Amino acid sequence: MAHYLMHGTLHATVYEVDKLHSGGISGFFGKILANVEGTIGIGKGVTQLYATIDLERARVGRTRIIKDEPNNPKWYESFHIYCAHMASNVVFTVKDDNPIGATLIGRAYVPVEELIRGDQVDRWVEILDEDKNPIEGDSKIHVKLQFFDVKKDSNWNMGIKGARYLGVPYTFYSQRRGCRVSLYQDAHVPDGFIPKIPLAGGKYYEPHRCWEDVFDAITNARHLIYITGWSVYTEITLIRDSRRPKPGGDVTLGELLKQKASEGVKVLMLVWDDRTSVGLLKKDGLMATHDEETANYFQNTDVHCVLCPRNPDDGGSFVQGLQISTMFTHHQKIVVVDGEMPSGESQMRRIVSFVGGIDLCDGRYDTPFHSLFRTLDTAHHDDFHQPNFAGSSITKGGPREPWHDIHSRLEGPVAWDVLFNFEQRWRQQGGKDVLVNLRELDNIIIPPSPVMFPDDHETWNVQLFRSIDGGAAFGFPETPEEAARAGLVSGKDNIIDRSIQDAYINAIRRAKNFIYIENQYFLGSSFDWSSDDIKREDINALHLIPKELSLKIVSKIERGERFTVYVVVPMWPEGVPESASVQAILDWQRRTMEMMYKDIIQALRAKDREEDPRNYLTFFCLGNREVKKSGEYEPSERPEDDSDYIRAQEARRFMIYVHTKMMIVDDEYIIVGSANINQRSMDGARDSEIAMGAYQPYHLTINQPARGQIHGFRMALWYEHLGMLDDTFLEPENIECVQKVNRVAGKYWDLYASELLEHDLPGHLLRYPIGVSSEGDVTELPGTEFFPDTKARVLGAKSDYLPPILTT
């Protein structure tokens, strides 16, 4: 049957099944299940029917469970489904849930051919068995479907069209106007680092300093300090730049929070309870979160610190529940405080929030210099972080692992949305109700209100997005209808906020010229990976972001227009690079890149163009290499012989860890948050995440390129990574720009990987060390099977024992 590209939005309604014969599960499997239920005391012999929606084999929707309606289950549920899939059928599967999985009742098929032109299909469809024969009793399912092609969407390729843009639709939080946003590159930027970057209106870009601002915000709070983190470490200090000291700046984070709590400020912390500490990953050098130490530190103090496991929503099976609580994390990184009014004159207070990728823990403090060896006796002497080598320590010396990250401060109405997110999470998992009652403080803390006038050219519109479910957030609606109205997705008995993925999809679809991504991971859209040695349906990394990116590039090639996507990822995901988990993730990353390059090459060939696909999609990593200087820290011990550690120390090089979770579109729109480009972060029912999407309505790419704060921020990042500014960087979509960036990054990679080192690396942006064949296969760069100083394959390796759910 012919496959069609369904790129757009599918509206689907699942009504009911007319009649199911006999009900229940008969035969051999039913007997086994009855024994299991009897033995472990879960479940009873009632039917628990639900339906799923698939585009071929990619699951895109599921209804709630209807209990004890064996003959005529009625769901009446509607779905708004983003799709970017090749499919011949929309498949509806009816299943009976049970404690260890589910039993297939049958499947109904609606050909995509009938939908692709946009016609509405509303009908009863026959339910068939595995052999495509009608099931006993000739049952039918009533469904309604309508497909909306992306190219007919008024926002497709249009960017943000000024005041008419209302934000990402179908989301829990709506767009807020009159906000202020501060963007942070790294935890700290030293004075004089950023050169003059011109902005609109004769202004120049001014960098902000994340940990200084967090320190000030906590220090100046009077009523509340709310913190969530994947990890929070009490022993770090936030102020470390000797040229920018602050009163009390040498105090540790733990002491600062205890001090504020003793002054009567309500200090509440939700820190992920690393319950198994994910045993399979632990030995690969991952996950040292200090959760127990942090909880013990605050015991018997005025600080309320709750270790918060990633509990499943109640709807999953017994097996799924085990998966969620042992495999997934709370990943949001937020600080919410009350702050003084912008003028500083009034006694009134307002809410200020921080959202992004930087946890308040060890290993995170860094500057755009990202030194490997030169801060080991100063800023990093008591904060030496190097989890990629077994047995690494400050006594054995560098290289430490430098940390590149991005964060934001939000002021105005959106700051309250971050506060409400914290309150929802605290009420669900925080235990005691000790939240500040803001109604009682309404004469002190102003209600959500703009902090910028509508005609101020520096105003921002901001929208908050999440990946979270009812297991982690209190007060989600109970029914699918209410959930849909609140911009939530209903699952198989859980309610999910998946708006971060929606925000990325919408931003990519709107994009006109270029996209710049920095992310700790880059894998997904597994429904379209090549299936030579895997069963695609077992992977389930189904989020759409990589596919949306390649389809955007393809659409531009078809129209004869320039478009470039730049992606910066770490050399490898943090951990011992030879380990099974790191190698598995690199393998998924390779498959993702390959899928995208094949799309691009196919589109170029259709236009009879033989061109380097890296002119359209190009991947980078960050690294540093430093010559030895006199007066440097001298370690008292030495790493093991023939280890990655000693080789990296002698070669004086290491990757800069890209922990960022950011996307910039056309210099007019930015997403910053905690969510990685992988299934864990984008799913909604796996890791909990938070992100913001923002733009300045006076700085849009309508008649000329945008030259507001987002443009300045990107140029500052490119200066950090490339060690230079260039006029070609002003228009990243142009062939001159992408070729220059690729050329410079290629040169820097050669210097990084070379035997000898005469000078410091002039910049940090390195070509990601892969090649792309004429067919789109991702190959080794000649002579680069392994990352320098390691025995770790650049292209990764499939793991035979780690389940994909853990590494995707």
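A Cβ is built for glycine as well, from the same backbone N, Cα and C atoms used for every other residue.
Note that the structure is predicted; figures quoted are calculated from it, not measured.
Note on the domain 'C2' (1-125): its mean pLDDT in the predicted model is 84. Feature annotation from Swiss-Prot assigns domain 'C2' to 1-125; the stated evidence is sequence analysis.
For the recorded site, His370 (Ca(2+) binding site), the DSSP three-state label reads coil. The Ca(2+) binding site annotation in Swiss-Prot covers Asp186, His370, His404, Glu720 and rests on similarity to another entry.
Shown for the domain 'PLD phosphodiesterase 1' (326-364): DSSP residue counts in helix, strand and coil, namely 2 helix, 16 strand, 21 coil. Under the heading domain 'PLD phosphodiesterase 1', Swiss-Prot lists 326-364, citing sequence analysis as support.
What Swiss-Prot records for His331, Gln520, His659 is 1,2-diacyl-sn-glycero-3-phosphate binding site. Of all the Cβ atoms in the protein chains shown, 21 others lie within 10 Å of the Cβ of Gln520 (1,2-diacyl-sn-glycero-3-phosphate binding site).
Applying an 8 A CB threshold to same-chain residues 6+ apart, the list for His331 (1,2-diacyl-sn-glycero-3-phosphate binding site) reads Trp230, Trp272, Ser674, Ala675, Ser681, Asp687, Ser688, Glu689. The active site annotation in Swiss-Prot covers His331 (among others), and the record cites sequence analysis as its basis.
Marked as active site by Swiss-Prot: Lys333 (among others). Around the Cβ of Lys333 (active site), a 10 Å sphere holds 27 further Cβ atoms from the protein chains shown.
Swiss-Prot lists Asp338 (among others) with the feature active site, giving sequence analysis as the kind of evidence. Long-range Cβ contacts of Asp338 (active site) within its own chain (separation 6+, distance under 8 Å): Ala221, Arg222, His223, Leu224, Arg349, Arg350, Ile351, Val352, Ile445.
Marked as domain 'PLD phosphodiesterase 2' by Swiss-Prot: 654-681. Residues of the domain 'PLD phosphodiesterase 2' (654-681) grouped by DSSP class, helix first, strand second and coil last, total 3 helix, 15 strand, 10 coil.
Residues near His659 (1,2-diacyl-sn-glycero-3-phosphate binding site) in space but far in sequence (CB under 8 A, at least 6 apart, same chain), listed by position: Gly357, Ile358, Trp403, His404, Asp405, Gln520, Pro570. The active site annotation in Swiss-Prot covers His659 (among others).
Taken from Swiss-Prot, the feature active site covers Lys661 (among others).
The active site annotation in Swiss-Prot covers Asp666 (among others). In sequence order, Gly159, Ala511, Lys512, Asn513, Phe514, Ile515, Thr701, Pro705, Ala706 constitute the residues six or more apart from Asp666 (active site) in its chain with CB-CB distances below 8 Å.
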Here the Cα-Cα span from Lys333 (active site) to Lys661 (active site), rounded to a whole number of angstrom, reaches 12
Residues sitting within 8 A of the centre of the Asp186, His370, His404, Glu720 CB atoms (Ca(2+) site), not counting those, run Gln185, Asp366, Thr367, Pro368, Phe369, Pro402, Trp403, Asp405, Leu622, Ile656, His721, His764
Long-range Cβ list for Asp186 (Ca(2+) binding site), cut-off under 8 Å, min separation 6+ in sequence, same chain only, gives Cys210, Asp366, Thr367, Pro368, Trp403, His404, Asp405, Ile406, Glu720
Surrounding the recorded 1,2-diacyl-sn-glycero-3-phosphate site, with Cβ no more than 8 Å from the Cβ centroid of His331, Gln520, His659 and those residues left out, we find Trp230, Gly357, Tyr521, Thr660, Lys661, Ser674, Asn676
Taking all protein chains shown into account, the Cβ-based neighbour count within 10 Å for Glu720 (Ca(2+) binding site) is 24
One should report the C-alpha separation between His370 (Ca(2+) binding site) and Lys661 (active site), rounded to whole angstrom, as 18
Note: among recorded positions His370, Lys661, least Cβ-dense neighbourhood at 10 Å is His370
The correct three-state DSSP answer for His404 (Ca(2+) binding site) is strand
All chains considered, the count of other Cβ atoms within 10 Å of the Cβ of His404 (Ca(2+) binding site) is 26
